[in-house]
Protein chains: 2
Amino acid sequence: MRKDKISNAVIRRIPRYYRHVDDLYYNGVVRISSSSLGRIMGLTASQIRQDLSCFGEFGQQGYGYNVEKLRSEIAEVLGMNKQYKIIIIGAGNLGRALIQNFYFAKSGFILDAAFDVASDVINTEINGVHVHHIDALEDYVVECKPDVAVLTVPRSVAQKTAERLVGLGVRGLWNFTNIELNIRDANVKIEDVHFADSLLTLSYMIANRDTP
Amino acid sequence: MRKDKISNAVIRRIPRYYRHVDDLYYNGVVRISSSSLGRIMGLTASQIRQDLSCFGEFGQQGYGYNVEKLRSEIAEVLGMNKQYKIIIIGAGNLGRALIQNFYFAKSGFILDAAFDVASDVINTEINGVHVHHIDALEDYVVECKPDVAVLTVPRSVAQKTAERLVGLGVRGLWNFTNIELNIRDANVKIEDVHFADSLLTLSYMIANRDTP
């Protein structure tokens, strides 16, 4: 039984829960108490219990959490079993880095195409993923109905590429362009990866390291 | 006058404040009320006032915030005026993408060297940044004292590369390796970029889009 309204902060923590519980699972841990999980994650036991209770009754008093069950329930909450189809728009350095090094399948996504405009990459394969000309996008989307597009295009074409994808019915955008996309459709979900926010957080930590 | 203890959640929001206030500044906005800033950022006016009050007395009742002043004060809080030196370890696709497309200077960082082991990139320049052999790391760090290293190496060498850097006195790591680094030195600050957390958040938003 899920609560109707889950706060954004909790939602942001779920992937972290998955990551840690997944590690435990692969390390052969069968069950774990909320206090042990809290120690690993730097959260209090009561925070853990409160967060996880948003998604259902996972734990059992005096026993803790069954790691395998917790892992599969969090995966379900995250939609990892939906087999969402994902495509990459922009096979430059960043797009290529994602295709070669990021395990889409481990997050439950099926990556099966990339698109670009540069003639030297079109019709090549990167890590088994075919790179199509961007002009083939319309036909591809109509036929394959990808759920999510990764935007690794230059920022100058980010907004218009996003609109083109949304116009074709793509309803999830993973945005690496550093542009705040302006899409007024509540059904389109956008997740921005802001490298600068991350680096500035590190800058803050360093700058304030030696102050008491 | 800063508060002694600023929560992690607030710290995470400061770069976002900077980003939005920087946009306002470049769009010629001179002053802004907490409620207008809140609307832009999806926060309440009182949340804005509370967050910013952690770092000093920026606003003025009935006037709002002077955008230029707020921008420079947030930049100072973030350490953006410290001119931290940063190096990149690993000039593969991801390292290269950062060198070519990420504006380190806009975050206050000076990028002046990259390191790799692949003979085809060593002694080349990428966007004006020289790529050294990793064997030159020791001499370089002793001489140039970089504050931060970007880790874009394969995950198999992530931990040992981190230890090598920390041993040389580098006290900030921007970690793209998807490995949780095990560094037991409170003076070393680590910021992880977890692509999977971001994609799984998007997955959650899509999976839970149509539920009431």
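The backbone N, Cα and C atoms fix where each Cβ goes, and this holds for glycine too.
Caution: TrEMBL annotation is automatic and unverified by curators.
The DNA-binding region (A:16-55) scores a mean pLDDT of 91 in the predicted structure. The DNA-binding region feature in TrEMBL is assigned to A:16-55.
Within the same chain, residues at least six positions away from A:Gly92 (NAD(+) binding site) with a Cβ under 8 Å of its Cβ are A:Asp116, A:Ala118, A:Thr152, A:Pro154. Among the features that TrEMBL reports, NAD(+) binding site is placed at A:Gly90, A:Ala91, A:Gly92, A:Asn93, A:Leu94, A:Gly95.
The feature domain 'CoA-binding' is assigned by TrEMBL to A:79-180. In the domain 'CoA-binding' (A:79-180), helix, strand and coil residues by DSSP number 37 helix, 29 strand, 36 coil.
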Binding-site residues A:Gly90, A:Ala91, A:Gly92, A:Asn93, A:Leu94 with CB under 8 A of any chain B CB, in sequence order, are A:Gly92, A:Asn93, A:Leu94
A:Ala91 (NAD(+) binding site), Cβ-centred 10 Å count of other Cβ atoms over all protein chains shown, is 24
For A:Gly90 (NAD(+) binding site), the same-chain residues 6+ apart in sequence with C-beta under 8 angstroms from its C-beta are A:Ala114, A:Phe115, A:Asp116, A:Val150, A:Leu151, A:Thr152, A:Val153, A:Pro154
What DSSP reports for the DNA-binding region (A:16-55) is 28 helix, 2 strand, 10 coil
If you count the other CB atoms within 10 A of the CB of A:Leu94 (NAD(+) binding site), including all protein chains displayed, you should get 26
